[in-house]
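As written in Swiss-Prot, here are the features:
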type	residues	note
MOD_RES	Met1	N-acetylmethionine
MOD_RES	Lys31	N6-succinyllysine
MOD_RES	Lys36	N6-succinyllysine
MOD_RES	Ser39	phosphoserine
MOD_RES	Lys46	N6-succinyllysine
MOD_RES	Ser56	phosphoserine
MOD_RES	Lys57	N6-succinyllysine
MOD_RES	Lys78	N6-succinyllysine
MOD_RES	Lys90	N6-succinyllysine
MOD_RES	Ser100	phosphoserine
MOD_RES	Asn105	deamidated asparagine
MOD_RES	Lys121	N6-succinyllysine
Amino acid sequence: MNFSGKYQVQTQENYEAFMKAVGMPDDIIQKGKDIKGVSEIVQNGKHFKFIITAGSKVIQNEFTLGEECEMEFMTGEKIKAVVQQEGDNKLVTTFKGIKSVTEFNGDTVTSTMTKGDVVFKRVSKRI
């Protein structure tokens, strides 16, 4: 399955609780909670580029499945992680006590991030 495309956020659950759990300042949480960000994914074999635009903030991360890479987290912090593919439609990684699962189903992408007992879920649709 090729994951390339542009996707816009439709819904999110537990945004504020998750952002607090990962140390995001309250003023940034308030600014970001209603933004319907756009993610552009470019896949070339096992190599991926994610460009995430939320308001004026743009985060660009590149990785190759199964290889350690450095990525920018939503807090602006640089992290090291290894992204794996599970089955035909899931990208999974764990970093700093956070498990991230991105699942592709047709024109819908569901991203779930879990830290402790706080689960943040974001659903995006292809545009």
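Backbone N, Cα and C define each Cβ position, glycine as well.
Known features from Swiss-Prot, placed on the structure.
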residue : record                : Cβ contacts under 8 Å, 6 or more apart
Met1    : N-acetylmethionine    : Asp88, Asn89, Phe104
Lys31   : N6-succinyllysine     : Gly55
Lys36   : N6-succinyllysine     : Gln8, Val9, Gln10
Ser39   : phosphoserine         : Lys6, Tyr7, Gln8, Phe50, Ile51, Ile52, Thr53, Val109, Ser124
Lys46   : N6-succinyllysine     : Thr64, Leu65, Gly66
Ser56   : phosphoserine         : none
Lys90   : N6-succinyllysine     : Val101, Thr102, Glu103, Phe104
Ser100  : phosphoserine         : Val92, Thr93, Thr94, Ser111, Thr112, Met113
Asn105  : deamidated asparagine : Asn89
Lys121  : N6-succinyllysine     : Gln12, Glu13, Asn14, Thr110, Ser111, Thr112
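In this structure, the CA atom of Lys57 (N6-succinyllysine) is 15 Å away from the CA atom of Lys78 (N6-succinyllysine). In the structure shown, across all protein chains, Lys57 is the one of the modified residues Lys57, Lys78 with the greatest number of other Cβ atoms within 10 Å.
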